[in-house]
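Okay, so here's the structure we're looking at.
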Amino acid sequence: MTSENHGKAKGDSALVMSPTGSSSQAAPLTPSTSKAIQELPDELIQAGWAKCWSKRENRPYYFNRFTNQSLWEMPVLGQHDVISDPLGLNAAPASGEGAGDGGLGNGQRKRRPSEEAIQGGPNSFKRPRVEVPVTPTTPTIPISPSTPGAKPWNSTSDDKQAQPSTPAPAPYRPSVIYWDLDIQTNAVIKERPPYDYLPPHPEIELQRAQLTTKLRQHYHELCSQREGIEPPRESFNRWLLERKVVDKGVDPLLPSECDPAVSPSMFREVMNDIPIRLSRIKYKEEARKLLFKYAEAAKKMIESRNATPDSRKVVKWNVEDTMNWLRRDHSASKEDYMDRLEHLRKQCGPHVTAVAKDSVEGICSKIYHISAEYVRRIRQAHLNLLKECNITVDGVENAEVQDRLVYCYPVRLSIASPPQPRVELHFENEVACLRYKGEMVKVSRGHFNKLELLYRYSCIDDPRFEKFLSRVWCLIKRYQVMFGSGVNEGTGLQGALPVPVFEALNKQFGVSFECFASPLNCYYKQFCSAFPDIDGFFGSRGPFLSFSPVSGSFEANPPFCEEFMDAMVTHFEDLLEKSSEPLSFIIFVPEWRDPPTPALTRMESSRFRRHQMTVPAFEHEYRSGSQHVCKREEMYYKAVHGTAVIFLQNNAGFAKWEPTTERIQELLAAYKVPGRSLSSPGPSSSSAVDKDSKPGQERSASMDAPGSRDNSSPVDKTAPETANV
């Protein structure tokens, strides 16, 4: 029976037969019909096969409730599934030549356990086998047992469970997989106690989301009321990053204990947009208009603020000189206008900065103190919720850990998780929708299945998946709130390297770990991420700046916040200095030379630098930061700047994973994907982007692609990987 007969159960008034030949429907079989029905072997019944009667064709047929496959002839044990395996690559060999693992004969490999679980089938809910190398130092970390034959989470439907003879819906099979969760880790750490983070709960996550959105609104209002400008794009997201470098507070997202209270990142970005925000210019008339607006805004600001007489004189004279030049010179080119604007900024900028300094510091300070108050509210609500569930927080004794080396393992929490509320799940085509109290979050079905696999590998306190949906809702809501609600806002914080590059890194340099990722965009199942309290259930090893591996090979694609990158380089060098075991970090950062970032300069002069190369601009790509919800054709886009790839290794790491010429060539070749032309530079990028823009210019696009830089601000950077601290 071919695929055109696949839906015969719908077209026919089918009778599904039990093993004894009796019908599972009310209509009895006639004696002549019952004689024609043969009993099925137990092996076929266990594999999901049932014998049915086609009224339309007046003949029996065989239906598999696991795969929705239909056959006219009795199925044969070991026959391949034509739906999930049309070429028979995973079929059991008949005999003789071709038997065993090597019998595929066509260079194809068998499906990996994680792929089989994603593609469904009778064993789709069984836990993939984890083959971690066993050594005397391997930690004995329990993993949730498999639950064969059961749903991986509690159903949100009130319908009764279907009868065994009822055909199951066809399993979801993603067409493309952007991860490889079967690669085992080579990262070794010292055994560590569980973290004392409060366990996540949808009610608390909803409150945190509402207060963070309110904090963004406060920031917008302060910039508008005090300085008459819009908040610099993505500056709030970078503020969250920069604060987490120094924050000692208890909230995983909002800062509350920082010194100093005024953020250098937010201060510089706001100051850079005063008196007006400068945008990238394409045409002469736009340049003339921008020069006029800047002159008017500078004059107005210096007259309305408490400026010194000398400052007033300098600004007034330069503005009048610029106005006179604009009135008499009508043949100026775009370059002439931009040169004049740069001159005016140099002359007036210091005086404008002096009069705005106190006001901008007040904005930064107020946002920080509002955030600290919100953290206090969230914390109190969280403690009250745990108290109602009879869960104690104070006096919780951490499990004793031995002073030994172990392979890295996911974050564990020392505080018990409270009962989780109902979260509704439904699917809209290729999108999984999860709803809690009217708040809906969405994720592609492929990434939803990925989260299920990561949860199976990593979670140890929920073997029946009773808390799975609520934790997925909290996870997606956390990252959604962190990114912001603007169009394409924050997606640069989630971008990732292309799949072929990850494959080459693993094959050539033994990379099995991402230093900056998330459960949504990770390629390996071993990674560090921003939010250990929720990401730990999906495989996170915690924030990288508090993660101290002794050995292993790592990929690092950090968020491009100046203070954060500096802290990252310091952490790299400390780890490489302390360890005598093989340790290697391969870092991907945009090659910004006008001016170079301090972190890039430090890495280039580091004594651990073994090799450095550059992937040219517009000749390579990144995976979109919204990969878990975007369309397939929007998954990749060009990098608008060159990418610097730097190898930092200690002596043992260099001996084991030396960046030889052959290995480097393989890595560069992975960037060139055959059969696909590179898409445009970012979802909304302007095609007219200079590699090294002049100060005072910036991209007018709604989102910077990874590797792009907003030159109107020394720190306006977006990252091609998740923001993690």
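Backbone N, Cα and C atoms are what each Cβ position is placed from, and that goes for glycine too.
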What range among 1-33, 199-231 does TrEMBL record as region 'Disordered'?
1-33
On the DSSP side of things, how many residues of the domain 'WW' (43-77) fall into helix, strand and coil, could you say?
4 helix, 14 strand, 17 coil
Over the domain 'WW' (43-77), what does the predicted model average in pLDDT?
82
